[in-house]
Amino acid sequence: MKNNKKVGTEDSTKWMLESVEIDPKGDSSVKQPESTINSNNPESSGAGGGILKNVSKNLAVGSIIRSMSVNKWRKSGNLGSPSTRKSGNLGPPLPVSQVKRPGPQRVERTTSSAARGLQSLRFLDRTVTGRERDSWRSIENRFNQFAVDGRLPKDKFGVCIGMGDTLEFAAKVYEALGRRRQIKTENGIDKEQLKLFWEDMIKKDLDCRLQIFFDMCDKDGDGKLTEEEVKEVIVLSASANRLVNLKKNAASYASLIMEELDPNEQGYIEMWQLEVLLTGIVSNADSHKVVRKSQQLTRAMIPKRYRTPTSKYVVVTAELMYEHWKKIWVVTLWLAVNVVLFMWKYEEFTTSPLYNITGRCLCAAKGTAEILKLNMALILVPVLRRTLTFLRSTFLNHLIPFDDNINFHKLIAVAIAVISLLHTALHMLCNYPRLSSCPYNFYSDYAGNLLGAKQPTYLGLMLTPVSVTGVLMIIFMGISFTLAMHYFRRNIVKLPIPFNRLAGFNSFWYAHHLLVIAYALLIIHGYILIIEKPWYQKTTWMYVAIPMVLYASERLFSRVQEHNHRVHIIKAIVYSGNVLALYMTKPQGFKYKSGMYMFVKCPDISKFEWHPFSITSAPGDEYLSVHIRALGDWTSELRNRFAETCEPHQKSKPSPNDLIRMETRARGANPHVEESQALFPRIFIKGPYGAPAQSYQKFDILLLIGLGIGATPFISILKDMLNNLKPGIPKTGQKYEGSVGGESLGGSSVYGGSSVNGGGSVNGGGSVSGGGRKFPQRAYFYWVTREQASFEWFKGVMDDIAVYDKTNVIEMHNYLTSMYEAGDARSALIAMVQKLQHAKNGVDIVSESRIRTHFARPNWRKVFSELSNKHETSRIGVFYCGSPTLVRPLKSLCQEFSLESSTRFTFHKENF
């Protein structure tokens, strides 16, 4: 880009690139403007971005550095010779004679390119950025806390400035700032020197921050980076971001950087080369800012229906009713039935003779008793898994919110707890005292015919079978309900020994079986009454009979059919991160949809415990698979049992982060399969059962969000969609040689056979498969995890999506939260290596798959904004599985963008 404006002494102190000549072949020069250099390929995070669609574009940074030459330079005064870099004032620019030398020449940033691209390069967390001046007070306090004799040692520098979780990286920054300021830091620094360091780190001057980063890499301060120095910084960055695998391969990645930036094999690279690479890394993301700003500006225009508080309230209420109408009418019906039953029984006892003694207490007690019977019956309905799974496939699925069955179960449980306590209190604190203390003649006139001629005492009333069974019910239900609470069931409550056994899934599971006794006591309590009635007026058993029979039949059916639930293990993989993947034979007649789950039992661990896990295999696979995270006692023991029988994936001794694998043959492929299975824990399954994710086919656009192991229900969905896209796979869903573990879909069958070529055409997004099933047009999968090793769980699936999804139907976004977000100095060099490595061979250095990995956490508002603008007037199904902390923000964003745009987001979450 040419600029003929005369430069004065008051001009910016930045170097300005006049023109760049690019010589693609090395023997000719073609002039290219700066805008061309910076208009690089948009970086896709999805499947399209997973494979190199144009390697030459992705390698643009390296090719520019190799072939560019500089014609004209302007004075900047910021960057001088290596000798002047060490001081605070970086000195005058090099003379023209010194600038013109053979080989690659310095390319300085311009306001339009690198100034935008590098504006996010920072040494502090984003939470501190923008509040640096205010943060100095906290730093002063920490200095006073950690300083020894008025000087802060190097090992406390990171803690003092807010980089306490990356002390090693902070120490390198400390050394670089000391060299830059020519301060001897061996014995620590005082407060004034600390303030100088802090001011250097927070300067808005891009050159200053880049210079600090270069000085941190340039350990000997000679102005040149050797391969060993680059390797050292890569190791440092990998440690700061907890990337163990990247740390192992630091030498090869350093060699890759030198290969790209040092084509003449001089043995070093210079600051300007590093700067150009940094600019190329981040400038792509900047190219979309104008579009995003215009979208935000459009969103800022307030719709007419929002301009008054009343109209806004009406619109929001209407939207909420539209979104949750099924839940609203079911809960309303439930409340109405409870109110009607209460009022009916209340009015009935206003005419009872006992009303003259007890007053309204008796009426209220009988009213609560009636609705307690109803709710003790209803609470069993949401846990009739087989029945609900069947009903999901009927027209009732359009009327009843089966996805909220667990929430409705919890709602009724809360109602039962409140009603039971109220019913008990009315009897013990009102009815019994009045009956036992009223005048005898009063008692004889109104209660003698019903309760007997002898007036009972309070203790006598408390010792009646009705009272005893009622109190026992309260005790059993109280224990069961308490241990079912989230804090106990998830073992969040840390109780002292030996009470620690009262928390966890096992306690929840066994305590719930106390309710069998509670139901028996309920029937006795409702049959042996103080006031005698004929049997047909004792209605408690009538309420609970049908739900109890249905529940008992489901449990009994599972026990009777248990011999058919035995499966054989095809393969088991124990991953680092305490994750066990089980691949097992599929029982005959076991039909399921993607998104469903099943129960798994290991009798060798416990004969009675069944645990639910999402199915990760596709319906068309000949095998079943589940991925189990070892969190509790049972899952940890299961993982350990299989780990004992596993063999290392490689012959060499594996490191703690390597995979451990065990493989067996499936039934039919090995005549001695029963003998081989004797080595491994026995596994039984039952199911499948319906889950919210199975309704994904109702939507044309999917947004799948999984946190950690919460990705499991969506892996089955992605495999099913990929089955529809992959050539040579039958679309009827009968046989599918899918990926097992980390193996590719294109590999051999898990049974040792060749892949099956099925009929049916390869369909694009949103088409109907050969089997008549409708598939979504697009699927966006966001997988957020905090451990690099987690990507190994579904590496094969990610690679297959990158290879076979030619039309970008599936777009994957992997996020690693242990890494510092893009623009942070602690992850800057890793971003460079990621770009170069992916451009070279199409493999991501973080996930070691073909799908690019993003740093830190997603900006969910940005995700929803982009989808709403990309898919206007569409219905997007948002499916989430993971930590409950993200449920409320995602649900709020769905409601917000459904109101403010023409796109409608429908939120679903798993209920495990």
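Sequential numbering from 1, following the chain as shown.
Quick reminder: no glycine exception, Cβ is built from N, Cα and C everywhere.
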Looking at 129-141, 181-193, I want to know which stretch Swiss-Prot calls region 'EF-hand-like 2'.
181-193
Just checking the record here: does Swiss-Prot list Glu348 and Ser436 under the same topological domain, which would place them on the same side of the membrane?
yes
Near the topological domain 'Extracellular' (432-458) in space but 6 or more residues beyond its ends, with Cβ under 8 Å, are 353-354, 356-359, 361, 530-532
Sparsest-packed among the binding-site residues, when each Cβ's other Cβ atoms within 10 Å are tallied, from Asp218, Asp222, Glu229:
Asp222
Spatial neighbours of the topological domain 'Extracellular' (345-363) not adjacent in sequence (6+ beyond its ends, CB under 8 Å) are 369-370, 426, 430-431, 434-435, 438, 442-443, 445-447, 449-450, 531
Cβ neighbour count (within 10 Å, all chains shown) around Lys224 (Ca(2+) binding site):
15
Spatial neighbours of the topological domain 'Cytoplasmic' (385-410) not adjacent in sequence (6+ beyond its ends, CB under 8 Å) are 326-327, 330-331, 379, 550, 554, 557, 596, 687-692, 694-695, 908, 911
